[in-house]
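> One structure follows; several queries about it will come next.
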Amino acid sequence: MSQEKYIMAIDQGTTSSRAIIFNKKGEKVSSSQKEFTQIFPQAGWVEHNANEIWNSVQSVIAGAFIESGVKPNQIEAIGITNQRETTVVWDKKTGLPIYNAIVWQSRQTAPLAEQLKNQGYVEKFHEKTGLIIDAYFSATKVRWILDHVEGAQERAEKGELLFGTIDTWLVWKLTDGAAHVTDYSNAARTMLYNIKELKWDDEILEILNIPKAILPEVRSNSEIYGKTAPFHFYGGEVPISGMAGDQQAALFGQLAFEPGMVKNTYGTGSFIIMNTGEEMQLSENNLLTTIGYGINGKVYYALEGSIFIAGSAIQWLRDGLRMVENSPESEKYARDSHNNDEVYVVPAFTGLGAPYWNQNARGSVFGLTRGTSKEDFIKATLQSIAYQVRDIIDTMQVDTQTAIQVLKVDGGAAMNNFLMQFQADILGIDIARAKNLETTALGAAFLAGLSVGYWKDLDELKLLNETGELFEPSMNESRKEQLYKGWKKAVKATQVFAEVDD
C-alpha cells in the first residue's frame, strides 16, 4: 500500500454508525457499519445510549482501516455527518452522559412543545429559528433532561454540564474533550439558534431557561475543529475538518451548490431540501427554513420538508406485516399489481410531517375491496412515499415561485426503480439518481477535504459525482392529477379521524 492519502467520513445515523474511506476521485475505498440499540422506554419515546454510539464509532473506524489496509496516518482529514436534533447532555469532567440521548423521532417532549405553542411563541420561534415548534427539535429535549435528572438545572447553571447534538458529542470524544463545537447546519436544528443573526438566541434560551454555558461554539461546515487524540484514532492525530447534519451533508454531496437545486434522500424518513442561496426565506406553508451549509465565509440557506415515514414504510411491510422478505422484493410485487391504483396507504405512523405537521395523525388505508391483493397493498405503500414527496415539492414551488425542473435523489429506497418511475410520473419532472448513493458520507468527506486542500474548490468536486440514471415522467396529466387528488382526499380523511374528541 503506497502512502496515498484519503478522507474518512463518519456517518452516525439513527440505527447504525458507519465509517467510509474515500479516495481523491470520491470513490469508496472501504466501509464498516455497526448497528446499536434502540431504546423505547414508553410508547412514542425513542432514546439511544450515547456511550454505545461512541463505542460503535470507534468500532467502525477500526473496521474501515482493517478492510482497506489504510493506516491512520494516511487519513488527511475526517468529516462527520450525523442524525440531526438528537440530544446529549453530559458531565464536563467525567465525560459521562447524565441521561440517554433523546432521539429526533422521540415524542416524549410533545407536551412541552404544545405548552410553548399555547403560550403564543409560534411566530417568534419561526422568525428567529426558521422552524415550527415541535418535539422533533433539540430545544425541548434539552429542557426535558434538565427537568428530569435530579440537580441537572443547577449543575448546568454552574457550568458543570455540556449539551451537544451527535456531531458535538463525537468531536468532543475524538479530541478527548479539547473541542466543544457544532456547525451551522446542526445548530440550525436545535430551535435555539438564530439563523439570521448566526448566534444562540438569548431570548429563546431565557424562555426555556437553558443556561448558555452548556452550549457548544458554532462554526462553519468546513474548517479544522480540532485533531483526534492519538489514543482515540489508533495512533493518528488527524484534523476533523468537515461537519454537517445528514440531510445538509447529502445536499452538499449531491453538489446542489446553486440556488433552486433540490435533493431528496429516501432513508428511514424522506428529506427534501432546496438550496435557496444567501437569502433566508421563511416558508408561508409549513416548510422549515434552515441553514444548508456555511463555507468560505458565506452561509447558504435552505428550505426543507421532512417526511417521517418513507423507507420505514417498506420495513413495516417486511417486519410488521411480513408481506415481503426483503425491501428490494417490494418492487417486484408492485409491478405485479394490476389494479387501478385505487388503494391509498397514508403511513402516518408517527404523525404527519411537512406540510401538515399533525402529530396526532396515525396510519390509515383507503379504497380496499374484496379484490385487493397483497401486491396492490405493497404498491400503494410505495406510492405513498412518492405522494408525500409531491406534497412538499408543490409547497416549495409555491413558497419560492420557482419551477423545479429536476429532483436529485439518493438514499436506500432510491434504488427502487418502480418508486423512482412513479415519483417522476406523479411530479411530472425528471428524477436524477446519483451514481454514488453514499451522498451523505460523501458530502461530509467533501467538506473535510476542501478545508485541508485535499480538493481544491467546488469546481473540482463537480467533476466527481455524476448522475447514475435519469427517470423521465411518462404518465399523462389527467391521470397524474386524478391519482394525486385521491391522495389528498385520503390525507384529509386521516386527519379527520385523528381529531381529538372533546
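The backbone N, Cα and C atoms fix where each Cβ goes, and this holds for glycine too.
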> Since Swiss-Prot lists T14, T15, S16, T268, G311, Q315 for ATP, which candidate among G120, G159, G164, G412 does it give for that site as well?
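Between G120, G159, G164, G412, Swiss-Prot records just one in the ATP site with T14, T15, S16, T268, G311, Q315, namely G412.
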> Considering the glycerol binding residues R84, E85, D246, Q247 given in Swiss-Prot, which of Y121, Y136, Y193, Y293 is annotated for that site as well?
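Checking Y121, Y136, Y193, Y293 against Swiss-Prot: the glycerol site match is Y136.
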> How far apart, in Å, are the two Cα atoms that lie farthest from each other among T14, R84, E85, Y136, D246, the residues recorded as binding sn-glycerol 3-phosphate?
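The widest Cα-Cα gap among those binding residues is 15 Å.
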> Record lists R84, E85, Y136, D246, Q247 as binding glycerol; longest Cα-Cα distance in Å?
15
> Among all the protein chains here, how many other CB atoms are within 10 A of the CB of T14 (ADP binding site)?
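Other Cβ atoms found within 10 Å: 21.
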> Looking at the binding-site residues T14, E85, Y136, Q247, T268, which ones sit with their CA no more than 10 Å from the CA of Q315 (ATP binding site)?
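If one measures from the Cα of Q315 (ATP binding site), the binding-site residues that come within 10 Å are T268.
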> Check Q247 (glycerol binding site) against DSSP and tell me helix, strand or coil, would you?
helix
